[in-house]
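Please read the structure below before turning to the comments.
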Amino acid sequence: MPKAKETVLEIDLSALTHNFNYLKSKLQPQTKFLAVVKAFAYGSDAVEIAKHLQKLNVDYFAVAYVNEGVALRDAGITAPILVLHPQSISFKTLIDRCLEPSIYSTHVLDEFIKITKAQSQKDYPVHIKFNTGLNRLGFKVNDIDSIVSKLDNTSSIKVKSLFSHLVASEDTNELEFSNNQIEKFKTIAATFEEKSGIKPWLHMCNTSGIINYPEAHFDMVRSGIGLYGFGNSIEEDNKLKPIASLKSVISQIHTIEKDETVGYNRAYTAKGIEKTATIPIGHADGISRIYGQEKGFVTINSEKAPIIGNVCMDMIMVNITNIDCKEGDEVIIFDNKYKANTLAEAANTISYEIMTSISQRVKRVFIP
Ligand SMILES: *Cc1c(COP(=O)(O)O)cnc(C)c1O
């Protein structure tokens, strides 16, 4: 790659292929793979990522909201798309674009049956979400009777899968809780099958679930962060390849005297004669103010340069006092060597957040 001369997010599609194949190697051959491409594929680019994964014969996609699914359909994605958190106001669009809803509450079930009946739909595929401990979205086991009786009264929808979500699949201290969720989900599935007489697919594992709970892969797994190169543990991180590199450039270098201050509200004071570099990336690009005050850093010519003072909307200033560099030099915010999770953890957050925060203003560049 030529050195960055502006702020760019480079997306390495061969790393995506590597991660997909690595995660698939953890599955039984018949287990289906759902790729989670919500939030612009975790900030990379949902359309390009989905096109690439579709070429690799991924079985399913998931997004959070209907408009994300619409963007994929507009781009020619034909694989089935599960919408994890639809609202009833967008059901008409969802049906028009052949998206498949997660049905997570009685209200949503009633509303979806109403609209599919009114449209004389037959066997419209839906996915029923059960809450096994996250207490975020989903039915409980004692809702099954009511769900089944509603299903018995309509032919407008058809349950394609039952699913649930693990609370702490990456946390080995929560093994007991996770196993308990898995057992609860098995009971739910058995009860549902018995009462409804149908046998939908089952799925429960996200990326860390794929790695830590092979006995809970069921019929399909749902992976997001792993595809983008993070495995929530040092061991797995070493096997995956981050697909996104955020790079920029030094716009200007200043030499400042002792006690001069840098940036808004004079949040940084020089301890002696110091050199600073101004970089064209700020909180509007996704570098949150939590990375200011020397919590976050960038890498210039392989040296760590802390972000000093407050992060501005369009810029950060970094300390380069001991770094040999010049205006126009490349700046790495994160890449496959200086990883996004290291930067995120330095500011007490997680790779998911920094990745999904990279705003649409940052140009995406795809490397085949
Ligand atoms: C986001 C999400 C996933 C993907 O989780 P990763 O940890 O990124 O693999 C899977 N399932 C559901 C329900 C989600 O919301």
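Placed from the backbone N, Cα and C atoms, the Cβ positions cover glycine too.
TrEMBL annotations:
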ACT_SITE  Lys38  active site, proton acceptor
MOD_RES   Lys38  N6-(pyridoxal phosphate)lysine
BINDING   Arg136, Met313  substrate binding site
DOMAIN    243-367  domain 'Alanine racemase C-terminal'
ACT_SITE  Tyr264  active site, proton acceptor
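On a Cα basis, Tyr264 (active site, proton acceptor) lies 11 Å away from Met313 (substrate binding site).
Around the Cβ of Arg136 (substrate binding site), 11 further Cβ atoms fall within 10 Å across all displayed protein chains. Its Cβ taken as reference, Lys38 (active site, proton acceptor) is surrounded by 19 other Cβ atoms within 10 Å in the chains shown.
As a summary of secondary structure, the domain 'Alanine racemase C-terminal' (243-367) carries 23 helix, 45 strand, 57 coil according to DSSP. For Tyr264 (active site, proton acceptor), applying a Cβ distance below 8 Å and a minimum sequence separation of six or more within one chain yields Gly309, Asn310, Cys312.
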